[in-house]
Amino acid sequence: MEEKRLVYMDHAATTYVKPEVLEAMLPYFTENFGNPSSIYTFARKSKRAIEDARDKVAKALNANTDEIFFTGGGSEADNWAIKGVALANREKGNHIITTKIEHHAVLHTCEYLEKRGFEVTYLDVDENGVVDLEQLKNAITDKTILISIMFANNEIGTIQPIAEIGKIARERGVLFHTDAVQAVGHIKIDVKEMNIDLLSLAAHKFYGPKGVGALYIRKGVKIDNLIHGGGQERRRRAGTENLPGIVGLGKAIELATQDIEGHNAKLITLRDRLLNGIMDKIPHTKLNGHPVHRLPGNINVSFRFIEGESLLLLLDQFGIAASTGSACSSGSLDPSHVLLAIGLPHEIAHGSLRLSLGDKNTEEDVDYVLSVLPNIVQRLRDMSPLYEDFLKGEK
Ligand SMILES: *Cc1c(COP(=O)(O)O)cnc(C)c1O
């Protein structure tokens, strides 16, 4: 029997671990398992491996080594940045600015703080998903302590004008956090040049392991701890370090930032082949997100008259792994908050598909999707009362 084909196009949800990354991690599960906090010689290897990974993360961001703190992933880094800054700067003010299209790790953290006396402004975005810098400037008050705006959106791929936002924040004396979980490894980041004060990243979005990430905290930023306990991470983040995970993060960020342009050139070629094919073959389709300022591997399209959930199930039958809305909201029937924020009506937002490409995808994968997807969309449209009404209206 022929093995069922798998075409994985959900790299924005997570990636596989690169063999070189796994290889770097393996000794830290087995022979080099020492607790980095222990003082005997045997544990020094562990300590050194963590500091080596910290150097690699710092280098990738143009940060200083002592500005990098390891966490249990992207969500923890976001929670720490926002809650930590909010609590440590409470006397200065209680106002936070973010956007309507953030990841839930940011949005739900802000909502949590709203219930505890903080005020949050959720900035609009335009039809391409870009924040309005004038609206941002006007939202800043003398109570504003933090601006948290994501680097690149996980659903629609839109990249924000981060350097401009950083400049505004610095000029107004407000701290600037960016959730760069989708950006690291795909966009060149320089925290100094971009005036970024805090930055979140997660290894499993750039071919590293899951459950490990980092928060960059610029020297001098006032921030409370999120996880209390032992004195790890220079007393900022308690808990015995995820040693193999941190080693994997270091290796993965080193590989991912080595040749961003070469990696992107390949992804963009594949993405455009797929996108152009979809646009040619499937009528009543709209590209979501910015046409140019978008992540190289991201396609997000809305097909009128159908539901994304049924589309995903049918794609799955053909071995195609993709996503509708964000991975975190799948399972709920609410349309994506991001698609609503860019102004899509509910019924169109419901018919959306995200295909996120990665470094193992090939032209054959793209052509396979293009051979399957148009028929599936047509099958669903043929069953759709909305489509029937539309066809009647055409006559
Ligand atoms: C995946 C993701 C997160 C959450 O990261 P985890 O490591 O899964 O906790 C946060 N923000 C964005 C933009 C993401 O894509």
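Even glycines carry a Cβ here, placed using N, Cα and C.
Automatic prediction, not curation, is the source of TrEMBL annotations.
The model shown is predicted, which means the values in this text are computed figures rather than measured ones.
Positions annotated as active site, cysteine persulfide intermediate by TrEMBL: C328. Per TrEMBL, pyridoxal 5'-phosphate binding site is recorded for G74, S75, N154, Q182, T240. Marked as [2Fe-2S] cluster binding site by TrEMBL: C328. Annotation comment: TrEMBL describes 7-369 as domain 'Aminotransferase class V'. What TrEMBL records for K205 is N6-(pyridoxal phosphate)lysine.
Features as recorded by TrEMBL, highlighted on the structure.
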residue: G74; record: pyridoxal 5'-phosphate binding site; CB count, 10 Å: 27
residue: S75; record: pyridoxal 5'-phosphate binding site; CB count, 10 Å: 21
residue: N154; record: pyridoxal 5'-phosphate binding site; CB count, 10 Å: 27
residue: Q182; record: pyridoxal 5'-phosphate binding site; CB count, 10 Å: 28
residue: K205; record: N6-(pyridoxal phosphate)lysine; CB count, 10 Å: 27
residue: T240; record: pyridoxal 5'-phosphate binding site; CB count, 10 Å: 11
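Contact annotation for binding-site residues (G74, S75, Q182, T240) versus ligand 1: G74, S75, Q182, each with CB under 6 Å from a ligand atom. The separation of K205 (N6-(pyridoxal phosphate)lysine) from Q182 (pyridoxal 5'-phosphate binding site), Cα to Cα, is 7 Å. Within the model, the domain 'Aminotransferase class V' (7-369) carries an average pLDDT of 96. For N154 (pyridoxal 5'-phosphate binding site) paired with the residue listed as 'N6-(pyridoxal phosphate)lysine', the C-alpha to C-alpha distance reads 10 Å. With G74, S75, N154, Q182, T240 listed as the residues that bind pyridoxal 5'-phosphate, the site has a largest C-alpha separation of 30 Å. With respect to their backbone Cα atoms, the residue listed as 'N6-(pyridoxal phosphate)lysine' and S75 (pyridoxal 5'-phosphate binding site) stand 12 Å from each other.
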